[in-house]
Amino acid sequence: MSKPIQMERGVKYRDADKMALIPVKTVVTERQELLRKPEWMKIKLPADSTRIQGIKAAMRKNGLHSVCEEASCPNLSECFNHGTATFMILGAICTRRCPFCDVAHGRPVAPDANEPEKLAQTIADMGLRYVVITSVDRDDLRDGGAQHFADCIAAIRAKNPTIKIETLVPDFRGRMDRALEILTETPPDVFNHNLENVPRVYRQVRPGANYEWSLKLLERFKEAHPHIPTKSGLMVGLGETNAEIVEVMRDLRRHGVTMLTLGQYLQPSRHHLPVQRYVSPAEFDEMKEEAMAMGFTHAACGPFVRSSYHADLQAKGMEVK
């Protein structure tokens with residue numbers, strides 16, 4: 001019997017090293033390896049990368065992280081070129097090891113107590129009017145990182161009084177009561193928590209997470225803050241069916257969620273879960289029609305949509321795909 005891997009604190013485990021730590025193994029078949037991206041999945045890079053390099057430099061200068069870079073988001077060039085970014089707090093090492101995600105796994109260091117102030121100043125320097133704050137999972141913290149979220153929100157608003165803040169939070173596994181109590185003190189303008197996919201594939205796609213728990217988190221926040229929109233998103237192409245996606249949409253509406261994002265899953269590396277199918281733009285349009293008919297006030301559905309992709313436009317109800 002092989003010895004368990006001894007993880008060093010502060011070390012990022014990625015790709016094969018990360019996947020080796022997952023109890024439900026990822027099996028890539030020859031057919032899946034041959035699945036090629038269709039034409040609609042091709043990305044055009046901007047000719048001028050000056051703004052992109054400027055945002056990266058600002059992040060490095062202040063020791064901040066963006067989920068855009070850490071999760072290898074396909075929209076990084078477009079978003080950075082438009083002067084927008086999704087800030088990732090609580091470090092760049094996640095205590096979970098989801099096989100669809102490119103964020104590093106490991107034993108994270110203690111949260112940076114100066115991060116809220118550095119984040120607030122960076123946002124002020126960039127002149128942003130709408131920001132998305134997300135984080136890695138921090139199962140090592142007694143509140144799951146909720147107090148750090150609250151501190152960041154308070155610091156950002158102190159320096160940027162008119163700004164709109166969207167939080168994309170983890171599930172606060174085992175700590176929901178405490179986390180919601182803390183977030184009640186400084187709630188965001190939009191509360192986002194992603195279900196990621198349908199319950200049938202959770203054991204493989206989101207090991208360590210629970211579908212019903214995530215729905216309950218969204219519902220309880222909405223009950224405490226009925227005036228604040230709640231939002232959730234799914235990746236498609238991981239073995240689910242369109243009928244299952246529609247059922248998840250119904251579950252979200254039953255739990256008070258009014259904003260939805262649906263986007264195509266893309267395999268970050270050959271070590272991650274393979275793409276099972278590519279969903280066409282026409283299918284995404286049909287899903288959006290279904291969502292709006294169910295009563296969602298906002299539904300961004302398209303191949304490149306991510307939960308924070310043009311989040312400011314999503315919040316205004318403008319079409320994003």
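Glycine residues also receive a Cβ, built from the backbone N, Cα and C atoms like all the rest.
Pulled from Swiss-Prot:
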type: BINDING; residues: C68, C73, C79, S308; note: [4Fe-4S] cluster 1 binding site
type: BINDING; residues: C94, C98, C101; note: [4Fe-4S] cluster 2 binding site
type: DOMAIN; residues: 80-297; note: domain 'Radical SAM core'
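Here the domain 'Radical SAM core' (80-297) returns a mean pLDDT of 93 for the predicted model.
Counting every protein chain shown, the Cβ of C94 ([4Fe-4S] cluster 2 binding site) has 26 other Cβ atoms within 10 Å. A simple way to gauge crowding: the CB of C101 ([4Fe-4S] cluster 2 binding site) has 24 other CB atoms within 10 angstroms, across all the protein chains here. Those same-chain residues not listed among C94, C98, C101 yet with C-beta within 8 angstroms of the centroid of the [4Fe-4S] cluster 2 site C-beta atoms are R96, R97, F100, D102, V103, H105, V136, D137. Around S308 ([4Fe-4S] cluster 1 binding site), a 10 Å sphere centred on its CB holds 28 further CB atoms from the protein chains shown.
The secondary structure of C94 ([4Fe-4S] cluster 2 binding site), as reduced to three states from DSSP, is extended strand. Taking Cβ-Cβ distances under 8 Å and a sequence gap of 6 or more within the same chain, the neighbours of C98 ([4Fe-4S] cluster 2 binding site) are E196, V205, R206, P207, G208, A209. For the pair C101 ([4Fe-4S] cluster 2 binding site) and S308 ([4Fe-4S] cluster 1 binding site), the C-alpha distance works out to 15 angstrom.
Calculated from their C-alpha atoms, the gap between S308 ([4Fe-4S] cluster 1 binding site) and C94 ([4Fe-4S] cluster 2 binding site) amounts to 19 Å.
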